[in-house]
Structures are given as structure tokens and as C-alpha cells.
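Peer 1: The following feature annotations were taken from TrEMBL:
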type	residues	note
TRANSMEM	7-33	transmembrane segment
TRANSMEM	45-66	transmembrane segment
TRANSMEM	78-97	transmembrane segment
TRANSMEM	103-123	transmembrane segment
TRANSMEM	135-165	transmembrane segment
TRANSMEM	185-211	transmembrane segment
TRANSMEM	231-251	transmembrane segment
Amino acid sequence: MEVSFTVIVICVLAFFVAGFIDSIAGGAGFVTVPSLLLCGVPPHMALGTGKLATSIGSLAAIWTFWRGNLILMRVVPVGILTSMIGSITGGKLALLVPDEMMGKVIVIMLPLAILLTIFSGGFKLDEGEMPKKGFWLRVCLIGTIVGLYEGFFGPGAGTFFLIALHVFLKMGMVQASGTAKVFNLAANFGAYLAFAAGGSVIYSIAIPCAISSMIGNRVGAYYAIKIGSKFVRNILYVVLVLLMGSLIYRFF
């Protein structure tokens, strides 16, 4: 696919905004996927290109959590492995769906994922003692199931990882957030491998967007305290309504 300079500029700006929003309130995929589709990128390529860019972009946030000792390192190896297995499988399943049909699937799944994210946003439990029975089975199931979703579609997966780690492993919210970033990076990268094998990654878009996503993440982290996550989420929801309207017009 030939990509114009204008499309690259628009995508770079979209990924900067997505990285900014993601570092404060989560939900980068809700911006990146519709933006790529509206720029004329085919559905499979939109998913594959976004996976690579957001994988690299999330490194800045992971570095911050790691420096703050906010990642439960003992679950990371198993989490990375199972998340990648799940996402590679999900990516391969997505590639089996015809491109035009995949566009409709994305338009249908986006609002469902958005609603799940909205209603789970205020869900918090007190931090408890981590379960000893079935601990590693839970880690494997979290990585595989959410990874499968990340590979097939993706938006909201970071939030789902966070909630699963908090609810089923009894992690505190901050540690769950940091650990979820690592799981999500692995799932993103696994999905990227699946889409890359299917020739569904546009590197001329992915590389500059990855850089802008990293910058957006860093800027967002800096301003997080000043503006607050609730304000950013409200802006995100307004943007999503506009993007969804455009996508429905395009694919239906």
C-alpha cells in the first residue's frame, strides 16, 4: 500500500494523542485503530500496524513502572509467554476474517469494548493476600485469554489485564497497572508477529507512529497530575463518538 505524506502526518498526530491519553487514562487502541481506518488503511493492516507502534510506544511507561519497583517480576516470564501465545493465536484468527468483514467486526466490537472499559473504570477491590491455590493457573489464564483478545482485536486489553490481575491475583491497583503494561506489551508484540507474518504491517506508518506514541506517553505522564485522568477520559469519549460515527458511515 502506498502511503502519502499527509496520511503519515495525520497518523503520527493520532498516535501522539493516543500515547498521551493512554499514559493517563488508558485506551490508546480506541484512538489508533479508528484513525488508521479513516486514513484508508485496510482493517488487517490497521490492526497490525497499530500493534507494532503501540508496542514500542509503551516501553516508556514500562520503564517508569520498573524504576518505581511497581511490577511483580515473578509473574512476568509466565505472563509474557502466555500473553504472546494467546495474541499470536488471536492474530492468526483475525487474518482468517475477510478484510471487508473485519472492518464491520471492528465497528461492532469497538463500542462493546468501550462500554466494558467505562463500566470497569471505577471497579476497585481492596488489596488482599495473593492466592496460593491455583496461582500459576490464574496467571496463565489471564495471559492467554486477554492475549487472545489483544491479538484478534485489542482496544481495552490493557484495562482488562489490569482488572484481571487485580481481581484474580489480588494485586494492588498500582502494581497491577505496572504488571499489566508488561503483559500487554508481550501481547501486542505477539500480535504484531502474527500480522507481520501475514504481510499486514505498514512500516512507513508504524515506525514514525511508534516514536510519536513514545513521546505522547512521556508528555502524558508529565501532565497526569496537573490535569487528572477523569478530564482526559471525558475528552476521549467525545473523540470516540465522532470516530465511531465516521467508521459506521465508512463500513456500513
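We count from 1, first residue shown onward.
Any Cβ shown, glycine's included, is placed from N, Cα and C.
Curation does not apply to TrEMBL; its annotations are automatic.
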Peer 1: Would the transmembrane segment (231-251) and the transmembrane segment (103-123) count as touching if the test is at least 3 Cβ pairs under 8 Å, pairs 6 or more apart?
Peer 2: yes
Peer 1: With a Cβ cut-off under 8 Å, give me the same-chain residues at least six positions beyond the ends of the transmembrane segment (185-211) that come close to it.
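Peer 2: Apart from its flanks, the transmembrane segment (185-211) reaches 1, 3, 7-8, 11-12, 14-15, 32, 36, 41-42, 44-45, 47-59, 62, 79-81, 83-92, 94-95, 143, 146-147, 150-151, 154, 157, 161.
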